[in-house]
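Q: The domain 'PLAT' annotation in TrEMBL covers 2-119. Residues or ranges marked as Ca(2+) binding site by TrEMBL: Gly17. As annotated by TrEMBL, site 'Essential for stabilizing binding to COTL1' applies to Trp104. What TrEMBL lists as domain 'Lipoxygenase' is 119-701. Residues annotated as Fe cation binding site in TrEMBL: His398, His403, His578, Ile701.
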Amino acid sequence: MATYKVKVATGTDLLSGTTDCISLTIVGTQGESDKQRLNHFGRDFATGAVDEYTVQCQQDLGELIIIRLHKERHSILPKNPWYCNYVQICAPNGRVYHFPAYQWMDGYETLALREATAKKMADDSLPILLEHRQEEIRAKQDFYHWRVFVPGLPNYIHIPSYRPPVRRHRNPNRPEWNGYIPGFPILINIKATKFLNSNLRFSFVKTASFFFRLGPMSLAFKVRGLVDCKRSWKRLKDIKKIFPGTKSVISEYVAEHWAEDSFFGYQYLNGINPGLIRRCTRLPDKFPVTDCMVAPFLGEGTCLQAELEKGNIYLADYRILEGIPTIELNGRKQHHCAPLCLLHLNPEGNVMPIAIQLSQTPGPDCPIFLPSDSEWDWLLAKTWVRYAEFYSHEGISHLLEAHLIGEAFCLAMLRHLPMCHPLYKLLIPHTRYTVQINSIGRALLLNEGGLSARGMSLGLEGFAQVMVRALSELTYDSLYIPNDFVERGVQDLPGYYYRDDCLAVWDALERYVTEIITYYYPNDAAVEGDPELQSWVQEIFKECLLGRESSGFPTCLRTVPELIRYVTIVIYTCSARHAAVNTGQLEYTSWMPNFPSSMRNPPMQAKGLTTLETFMDTLPDVKTTCIVLLVLWTLSREPDDKRPLGHFPDIHFVEEAPRRSMEAFRQRLAQISHNIRQRNKCLPVPYYYLDPVLIENSISI
């Protein structure tokens, strides 16, 4: 007889335990055990429990390679799901084998798990192991399918059981827009996520906290009459009353300094959309700024051409927004523009706006606004630019370049990398809850009754059109952060804390990825000869970039450095890139004039006509303001059940080398965090959105 000591760990989330019967079969290189029920007197497999059992076998099974967990009906109790963290088995020779699960078993089923040592396909020689990995991939590809949500955007996970309710008189020519949220405009259509596979859904704690926050706040807005008020704001200071109990150093600073030119420019560097600004060495013909226009704002002894040559002129161009039609909100036609904003790095180190044009086409009815214009003309021109920032941020930097691309990375991984693959083990922490939050986002944002249709000048189709245009121009190099700063000419721009923190986190992440990759891929041949890796890369190119060769995204990887760069881009996109554009949303947007989602009057065609009254009449009305800010408040709240970057509680890697790399990664991140906090002590506006303790491992909110 051979005795095996077994530990079974049940998940710690509420309702992870089960009362169903659990049995175990152990498979080794020298034999297979009988199926044996794991049972003690009293409760087994309770939430958070690590249960220990003894399994007797007729013979030594040799090296353990696979176990099977059998979840079966209890004779009395009803079926309930079970979340298994892992199984550990101590063999008669004292060796401990680890079998990671970290997944739900919903019904009466059998789950086969491999021993945790990471293996590429080339590393498997036993037919049973090759068959297991092939069957795992086959099963996942049968379950997870791609689906087109909006033509021209990354495809997403198909949920076959979900059929969103439709309006009785919907347009049959646009089947992709068939969702409808009846009743109160902010209530989320939870059916959009009901049918997600259990392993993709939020934990119970995260789900409860998410909707507990949203529900009472929505009700409070309803009771206060804010979501039914279609009038203009009477006074700017009334906007502060939307979230009277939610304040921070930054949100208060924004409300106090939003109209100042220096803070307007600062936001291009360290606000929530810090990846747009680029150095301008030659003014585009469509932006005919002259030296006499801007000379008073450049300082003595210089001119526009001299500042261009010195590299002190920067441009924010919102051409991607040009020509998109607007909708009607609350009975009033909305308006739109695609501005250009010229900025100057002055001797004090501040980036200051010096010229704004509210159209891509210059002409008599499109004046260039200057800081010397009337107070309200200049403020409204800057507010139009901040309006354009709303769409550049929410549609492109946030939703497209983080959420939608991150989900495509995740789904391709699930479909092509088995759990034993080293890349699966490396990537899985950075996909946690992404599909769930995106499903909520689709129901909340890209839905006929959602935010796009109720709170934005561009509406549903216009908002999607912005993202479609952006994806058609997205390149692989733009997601490679070190190259992006150089390409935009901002690698030496002072006071650019986003860039500094970005590069620090990127360097730590790249070193971590390099150590893991080079351990499992000792040479280029190992990369090129990994069919599962190549299938993953090919599917991302096909389903995320829609096969567009001009994107520069690889269709295959041939060398170790190529793989390191690719994986670093994936992990960074799913963690730090999202944190940089998500964490500060409420702080920079709760003061609505700093980030309006709609504009109710057309862009000014002449100077000297703007007053306080016309400014207030142009801003979003009360209802639109509250709808947008409530959603942004919900989606930027500190998530519960959080796992900061580098925090990997699930045990996927068991080899010493990757575990040492994980610890070294955590130490490097801790040093970056310390450096950021020390720097912020001296700043009037702290920048902490890329502090590693505030970066989530994955896109989960």
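Backbone N, Cα and C atoms are what each Cβ position is placed from, and that goes for glycine too.
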Q: What are the DSSP helix, strand and coil residue counts for the domain 'PLAT' (2-119)?
A: 0 helix, 63 strand, 55 coil
Q: What is the separation, in Å, between the Cα atoms of His403 (Fe cation binding site) and Trp104 (site 'Essential for stabilizing binding to COTL1')?
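A: With distance taken Cα to Cα, Trp104 (site 'Essential for stabilizing binding to COTL1') is 24 Å from His403 (Fe cation binding site).
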Q: Beyond the listed site residues His398, His403, His578, Ile701, identify every same-chain residue whose Cβ lies within 8 Å of the center of their Cβ atoms for the Fe cation site.
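A: Here the nearby residues are Leu399, Ala402, Gly406, Ile437, Val581, Asn582, Leu635, Ile699.
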Q: Which ones in the same chain are close to the residue listed as 'Ca(2+) binding site', with CB under 8 Å and 6+ residues apart in sequence?
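A: The answer is Thr10, Phe45, Ala46, Thr47, Gly48, Ala49, Trp82.
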Q: How big is the Cα-to-Cα gap, in Å, between Ile701 (Fe cation binding site) and Trp104 (site 'Essential for stabilizing binding to COTL1')?
A: 22
Q: State the Cα to Cα distance, in Å, between Trp104 (site 'Essential for stabilizing binding to COTL1') and His578 (Fe cation binding site), rounded to an integer.
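A: On Cα coordinates alone, these residues lie 27 Å apart.
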Q: In sequence order, what residues of the same chain, 6+ apart, have a Cβ less than 8 Å from the Cβ of His578 (Fe cation binding site)?
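A: Those within reach of His578 (Fe cation binding site), by Cβ under 8 Å and sequence separation of 6 or more, are His398, Ala402, His403, Gly406, Glu696, Ile699.
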Q: Is it possible to get the count of other C-beta atoms within 10 angstroms of the C-beta of His398 (Fe cation binding site)?
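A: For His398 (Fe cation binding site), the count of other Cβ atoms within 10 Å is 23.
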